[in-house]
Amino acid sequence: MTTIDYSVWDHIEVSDDEDDTHPNIDTPSLFRWRHQARVERMESFQKKGEELEKNLSESRRKLAEVQRKVQELAGASTEESRQELDKAQAQERQLRREERSWEKKMDEYRREEKKQPWNVDTLSKDGFSKSVVNVKPEVKVDTEEEKELKHKTFVEKYEKQIKHFGMLRRWDDSQKYLSDYPHLVCEETANYLVIMCIDLEVEEKHALMEQVAHQTIVMQFILELAKSLKVDPRGCFRQFFTKIKMADQQYQDAFNDELESFKERVRGRAKIRIEKAMKEYEEEEKQKRLGPGGLDPVEVYDSLPLEMQKCFDEKDIQMLQDAISKMDPTEAKYHMKRCIDSGLWVPNSQTDEEVEKEEEPQKEQRDE
């Protein structure tokens with residue numbers, strides 16, 4: 001049989017009028033004083049909570065402003081800009097410490113709040129004073145053009161930093177770099193690293209591709225962790241590094257499996273790109289070779305009878321004439337037309353003129 005735990009009722013302050021008082025004491029006045037004192041304590045405690053909440057919100061607002069400033073100065077090139085960036089980063093670290101301090105105080109307040117005893121004022125609060133209808137907020141979805149523009153703008157601004165991150169090897173180095181440049185923790189960085197891997201594989205820089213692939217999976221795991229926690233990726237990348245460095249075997253195995261799978265996909269994409277580039281190159285070369293009739297001389301040559309191929313190999317016109325004379329006239333006409341359309345044979349060429357000049361004296365002798 002299930003028993004009910006009544007211990008929760010042990011910390012309820014009973015109504016003031018349940019106490020027994022001495023006959024000579026003005027009981028109603030005493031009850032009013034007690035109630036007033038309790039209400040004042042409650043108001044003071046509530047005011048303390050509101051003040052903590054206000055300070056925490058202000059701290060987070062200042063931190064967000066400084067982080068935006070750090071992002072704007074991230075690509076600093078001048079000495080003055082670099083000094084401003086160092087100053088902003090120092091301010092960011094200080095505000096992070098302040099934020100953690102206020103969060104700690106807020107947690108202590110909530111724990112203390114739970115320990116507060118119930119009383120007639122808190123028990124009798126109206127729990128259904130209003131109706132709330134949950135309306136799903138409208139989320140703006142970027143179009144493909146907007147996504148492309150956003151990616152292009154981000155890469156133009158931070159390409160050098162993304163490439164630097166892609167070349168890092170140690171967990172600590174990656175964590176420190178992202179701490180210095182938290183704006184890199186985003187989808188745009190992951191997408192650029194993927195393209196970078198495929199480019200390196202196409203260039204046959206296999207070892208370098210595998211290194212950048214490792215950093216690509218690091219970024220993708222951080223983004224997935226942020227999705228599962230429903231937080232900004234810039235606020236949870238430290239949790240990823242803590243988890244991966246703790247050598248959790250299951251998490252490490254999942255990371256390695258995804259890394260190997262990703263490298264295989266990169267090799268596949270690179271192979272497709274190379275094949276496509278080769279086809280485009282072959283097509284361009286073919287277009288350059290096309291004869292006046294639009295035929296490819298290589299394809300026409302391969303389709304010729306062996307006797308005719310030998311004639312073209314040795315560039316012997318007489319041999320070609322002899323070979324044609326032995327062929328069926330229809331077949332000979334078909335092959336010669338294709339040779340002319342592909343440019344293998346050029347009618348009225350210099351060679352033909354020379355042949356005609358050689359034949360003219362012989363013709364005159366026959367006429368005499």
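In case you wondered, yes, glycine gets a Cβ from its N, Cα and C as well.
Those TrEMBL annotations? Automatic predictions, nothing curated.
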* Asked: Which one of these stretches, 13-42, 43-72, 73-102, 103-132, shows up in TrEMBL as region 'Disordered'?
  -> 73-102
* For the compositional bias 'Basic and acidic residues' (79-102), distant same-chain residues with Cβ under 8 A (at least six beyond the ends) -> 52, 55-56, 59-60, 62-63, 66-67, 69-70, 73, 180
